[in-house]
Amino acid sequence: MLRPSTQRYSVTRPLYSEDTFEDEHAKVYRKHKRLLDHFIQYFTCTSERAKNTAVSLLPIIGWMKIYSIKDWLLNDIVSGVSTGLVAVLQGLAYSLLASISPWYGLYAAFFPVIMYFFLGTSRHISVGAFPVLSLMVGAVVTRLVPDEGLPANITAFEGLTKDEQRILVSASLTFLVGLFQLGMGLLQVGFIVMYLSDTLISGFTTAAAVHILVSQLKFVLGLTVPGFSGPLSIIYTLKSLFTQITSTNIHDLVTSIVVMVMVLGVKEINDRFKSKLPVPIPIEVIMTVIACGVSYAFNFSENHGVDVVGKIPNTFESPIAPSLQVFQMTAVEAFPIAIVGFSVAFAVAKVYSVKHDYLIDGNQELIAFGASNIFGGAFKSLAASTALSRSAVQESTGGKTQIAGLLSALIVLVVILGIGFLLEPLPKSVLGAVVIVNLKGMLMQVVTVPYLWKKDRPDCIVWVGTCLAAIFLGLDLGLAVVLTDLQFALALFSVFLNLRQIYEPEGVKIFRIPSPIFFANIDFFRDKLKDAVGFNPLRILRKRNKAVKKIKKMIKKGELTLTSEFQINATCSMPIEESEDESNMEDLDKPTDYSDLPIQVNWSADLPANIRVPPVNIHSLILDFSGVSFLDISALKGLKAALKEFIRVSVDVYIVGCDPYIIEKLRNCKFFDDEIKTSIFFLTIHDAMLFIHESHPPKTVSEEKFSVGLICFIFCRT
């Protein structure tokens with residue numbers, strides 16, 4: 001992309017004092033709004049603003065207007081049925097983590113989904129029980145209503161059985177979690193998730209996976225182990241398990257091993273042949289059906305002492321009012337549960353929103369999950385978030401919108417009211433085995449530790465410290481360790497707001513970053529960079545790739561012919577409509593493939609058949625890194641992705657004033673490749689501009705004015 005230059009330069013300029021410099025180069029002042037101006041703007045109501053507010057609070061209005069029954073409905077039906085079957089099984093399994101009766105997990109796959117259908121902004125996540133959240137709820141439940149000993153002194157417990165007391169605690173806690181999330185959403189604090197870095201979340205979820213694994217061993221081994229909570233609870237649980245190991249129920253153990261081996265094997269087949277399989281093989285559902293049949297045929301419960309799911313009511317239980325005493329005794333745990341549930345759901349939603357090119361709103365997601373948990377808590381549901389495996393099923397089976405989620409809720413409804421009795425002989429060891437198998441992704445995150453140790457030791461220490469703290473101190477205190485990084489993040493993030501603009505020649509954008517770049521501000525950096533250049537390079541790349549594919553198709557069909565060199569002529573007058581198929585969305589993010597195209601596409605000129613691609617009004621982008629003293633692994637990934645997006649739309653990127661330490665770190669972390677080369681780094685803006693001037697000679701600016709321009713963006717201030 002770049003060629004080395006031996007050109008030298010010297011700069012001659014007049015001697016400036018502050019006064020003479022300001023006389024020749026006036027400062028650019030920005031008009032700041034007064035507090036009263038903000039107040040008037042906030043409370044001014046117009047019809048357009050009322051419409052936008054309605055769409056914002058009810059996102060269903062936005063996507064229902066573009067819903068294509070012909071193209072999307074069948075996909076949503078297939079996805080909804082597949083997701084519903086998985087949601088039933090995971091609902092039963094994850095309720096065991098919360099130390100409550102299994103069927104209450106089914107409520108988490110029904111009530112919150114209904115509310116999220118109207119209020120959520122993500123079209124692809126599957127709302128319901130999440131193992132980490134269920135385990136955190138279970139720790140609170142067993143603290144207030146222990147397996148052995150008296151429950152907490154709560155007036156609402158009078159006259160209730162132990163199971164009913166636990167349901168009251170779980171439902172009240174879920175309700176309180178919803179209140180916290182709804183309150184944060186109304187206060188517009190959805191940005192809080194950016195302070196939970198990938199490293200911190202990875203360490204925390206790995207610790208949670210270890211807790212979940214240990215908690216499920218009692219079901220796999222068929223042992224009775226009391227619930228422990230608080231610091232070192234995992235040690236006490238393991239001690240209790242090993243003291244009873246000789247009492248293992250061999251039928252539970254063999255059943256669990258068979259289920260785990262089969263599920264792991266078929267999941268590996270699903271991953272390896274996912275491009276050839278129309279839908280993933282629902283092995284968990286298949287093994288559940290087989291286990292139910294075997295358990296019923298051989299009467300595992302009575303003949304072999306196997307603990308089974310038992311009676312599942314074929315009706316919904318009456319809603320209950322939450323207990324204020326439970327609120328008072330669980331507020332400390334409810335807040336971290338609210339943060340974890342939202343941050344995980346938002347992270348998953350963000351992945352699919354980027355893949356399918358639509359926007360999600362963090363504040364609206366808080367409101368949606370808050371309302372969902374309040375609604376679900378009133379009907380004895382578990383705290384709801386999303387699970388990556390379940391969301392992956394909904395997306396990979398072709399789900400386009402939350403209609404798939406609504407249909408999955410209907411599948412759960414059928415199970416609750418109609419065929420739930422078929423699951424009564426299901427051994428709990430099977431549910432435990434399913435939970436353990438689904439921990440594979442979280443447990444495998446431990447392989448990142450050696451990489452972090454070699455590439456970024458501070459991040460490695462954070463990962464290991466967070467993981468160990470959450471394992472031995474408990475998930476709630478472990479999250480407190482995660483949030484201790486918040487104050488540091490806020491301090492650096494506030495510095496990053498100090499953006500400065502300087503003189504820019506035509507076709508060149510200069511963007512200065514006056515602070516470290518790290519996990520908390522990398523998204524902010526990318527958003528501000530897009531605002532500065534005035535376009536989203538990823539969207540333009542996708543439109544260009546769609547246009548090239550369309551031109552190739554038209555040439556092949558004879559609808560587009562060559563009239564002269566590098567010119568094209570369309571023989572059809574009707575515009576070609578863009579396909580709504582998103583199955584190849586990942587291909588649209590790759591560099592534009594001009595092979596087999598006998599013409600040179602000029603993206604600044606009119607294209608045939610009314611194909612429209614937004615223009616790119618710059619040819620070069622200069623990033624001033626003179627103020628960047630630190631760059632972590634998370635930011636490195638985001639920076640690399642941002643640079644590639646610009647390079648792939650033919651914008652040359654240059655980085656100037658970069659600290660040698662950062663360049664060395666980029667080399668060690670394999671930042672450079674065929675697209676991003678070390679030759680993009682220059683010592684100063686002046687060096688980069690001379691190179692750009694050589695590569696893109698100005699058409700209307702004289703050499704004299706260009707020299708003056710160089711002096712301006714070296715010395716000009718705002």
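Keep in mind that glycine also has a Cβ here, set from the backbone N, Cα and C atoms.
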Among 241-265, 366-390, 516-540, TrEMBL lists transmembrane segment at 241-265
Okay, the transmembrane segment (73-97) and the transmembrane segment (460-480): do they have at least three CB pairs under 8 Å, pairs separated by 6 or more? no
Taken over the domain 'STAS' (498-692), the predicted model's pLDDT averages 79
Note: vs the transmembrane segment (429-453), the recorded stretch with the largest number of Cβ pairs under 8 Å from 73-97, 326-349, 403-423 is 73-97
Handout entry: Proximity verdict for the transmembrane segment (73-97) and the transmembrane segment (127-146), three or more C-beta pairs under 8 Å
Key = yes
Q) Should the transmembrane segment (103-120) and the transmembrane segment (403-423) be scored as in contact, given a threshold of at least 3 Cβ pairs under 8 Å and pairs 6 or more apart? A) yes
The answer for the transmembrane segment (277-298), taking Cβ pairs under 8 Å and residues 6+ beyond its ends, is 78, 82, 85-86, 89, 255, 259, 262-263, 266-267, 269-270, 304, 306, 308, 393, 396-397, 422-423, 425-427, 430, 434, 437
Outside the transmembrane segment (326-349), at least 6 residues beyond either end, the same-chain residues with a Cβ under 8 Å of its Cβ set are 121-122, 124-125, 127, 130, 132-133, 136-137, 139-140, 144, 152, 154, 156, 168-169, 172-173, 176-178, 180-181, 184, 190, 192-193, 196, 201, 204-205, 360, 362, 365-366, 369, 373, 383-386, 388, 391, 475-476, 479-480, 483
